[in-house]
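J.: Relevant sequence annotations retrieved from Swiss-Prot are reproduced here:
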- 2: active site (ACT_SITE)
- 157, 160, 163: Na(+) binding site (BINDING)
């Protein structure tokens, strides 16, 4: 699996992920880029699960964004519905963490579209470790979103066998948000 973390703070939205790809219990590659920008760089997304499956889902989500003219939540719900009902898509094994300037979501193959209660999302095998670290850092430090994501990924990479310390990041800035 992997670790993907998303944090919102002071108008900055960052999604970061580790780079490890495994096949069974063997590390196949250390520098996979699991985060991407979509829809003219207005959406950021990260995946946990099968790489080919995730790229398929990225493409489908971007098509939904185009069809629905960038309406983020509507596009996520429509993707989840298709994922659940289409016989071929149902076989895809991945989770997506996606964000635009206003909203962060987790999209699953069970037709779940989940908006977190807090400003943190973490998915993948290292997700629980990263989420715990990110929440603690968000609540108890003044670190920026990117530094929180980086430190959370480092902690997860130290604990989770299926995560490493090669990180990639994507960031959005909410221009209308007052940065304190």
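Using N, Cα and C of the backbone, Cβ positions are placed for all residues, glycine too.
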J.: Whole-number answer please: how many Å between the C-alpha atoms of residue 160 (Na(+) binding site) and residue 2 (active site)?
T.: 8
J.: When you average the Cβ positions of 157, 160, 163 for the Na(+) site, which other residues in that chain have a Cβ within 8 Å of that mean position?
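T.: So the additional residues around the site are 2, 3, 18, 20, 125, 126, 129, 130, 153, 156, 158, 159, 161, 162, 164, 165.
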J.: Quick one: give me the count of other CB atoms within 10 A of the CB of residue 157 (Na(+) binding site).
T.: 22
J.: Which residues does residue 2 (active site) neighbour through Cβ under 8 Å, counting only same-chain ones at least six apart?
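T.: Correct list: 17, 18, 20, 34, 47, 48, 49, 124, 125, 126, 162, 163.
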J.: Translate the DSSP assignment of residue 2 (active site) into the three-state scheme.
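T.: Where residue 2 (active site) sits, the three-state DSSP reduction gives coil.
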